[in-house]
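I have placed the structure first, in the form of structure tokens, so that the comments after it can refer back to it.
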Amino acid sequence: MKGIRLCGSGAAVPRLRISNDDLSGRVETSDEWIRTRTGIAARRVADESESLTSLAAAAGKQALERAGWDASSVDLILLATSSPDDLFGSAPKVQALIGAGSAVAFDLTAACSGFLFSLVTAAQYLRTGAMTRALVIGADQLSRWVDWDDRRSCVLFGDGAGAVAIEACPAENDGLLGFRLNSDGARGDCLTLAQTSERAELLPGMSHQRGGYAPIGMNGQEVYKFAVREVPAILKQLLADTNTEPASIDWLLLHQANQRILDAAAERLGIAADKVLSNLANYGNTSAGTIPLMLHEAVSDGRIQSGQLIASSGFGAGLSWGAALLRWDGPTS
């Protein structure tokens, strides 16, 4: 079996920045209330000139540039998203915008765990030798599905995209040292973007369901309890699987959902606060975009260096959660 090399990163966010003070003009809230409970100061929201597809393509192009690849060399594009521009899939459109005509492209939906699930999925194609190069993109435009009059949820989410270019390599240079993935549909009702339907007449005496989607629904307390229990647990299992001591981890890269969750997970793992990567203050929760967006930012500013060990975990709706132990081997700063 081959190994996987992480070769380049990219990111894209909308131009429009919505601060906590801006939101306080629409709902009863304040900068202090939001920061204290979430760690978020602002979020980016796509306007009418931007889309999930355009953000994903921009992030993907940058990852290819940083990896030094021509788009024609990519065999696979996986787009992790829960908010596609087209329910039939947005990855093929991203493929066209990038110019990766030789790549098979498809969407993978696993909410805020989506990027990590997609990275692991893409890696399996490369490990077997079926493919050589893959582009994994995490992108969401959840602003389309937020109830902007619900102060419990509208303060949390933003739009954004991140991408990582990976390629097959000799097993001894493997950059995906281990992973674990979990799902539990029995607990899924605490975080939903659920279908709605209404009866519509099709023919006399015959009807069908006309569909749509309700705004994001969330039981914040249950989501918090789920995250602070399962994220440290799955990371501890992964570190045990790979015979890795927490002290040897250079960076903890978690899904950027809430600063309280990041802090609690790090404390339970015994990982120092200065090893916890966070950009929640600037972007909020971009769902499948958070991990690659944070990775790219830390690579670009020189925090993450080639050869460093990264413990990562994604978690969210489904419920779904996973963890991966990564070694960065792409360009930095």
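Every residue gets a Cβ built from N, Cα and C, even glycine.
The feature active site is assigned by Swiss-Prot to Cys112, His255, Asn285, with sequence analysis given as support. Feature annotation from Swiss-Prot assigns region 'ACP-binding' to 256-260.
Known features from Swiss-Prot, placed on the structure.
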{"residue": "Cys112", "record": "active site", "DSSP (3 states)": "helix"}
{"residue": "His255", "record": "active site", "DSSP (3 states)": "coil"}
{"residue": "Asn285", "record": "active site", "DSSP (3 states)": "strand"}
* Asked: Residues of the same chain, at least six outside the region 'ACP-binding' (256-260), with any C-beta under 8 angstroms of its C-beta?
  -> 37-40, 112, 156, 223-224, 227, 278-280, 283-286, 290-291, 293-294, 315-316
* What count of other C-beta atoms do you get within 10 angstroms of the C-beta of His255 (active site), across all chains shown? -> 31
* **Cβ neighbours within the same chain of Cys112 (active site) - under 8 Å, at least six residues apart** => His255, Ala257, Asn285, Ser287, Ala288, Thr290, Gly314, Phe315, Gly316, Ala317, Ser320
* Structure fact -> On the region 'ACP-binding' (256-260), the mean of the pLDDT values is 96
* Near the Cβ of Asn285 (active site), how many other Cβ atoms are there if near means within 10 Å? -> 24
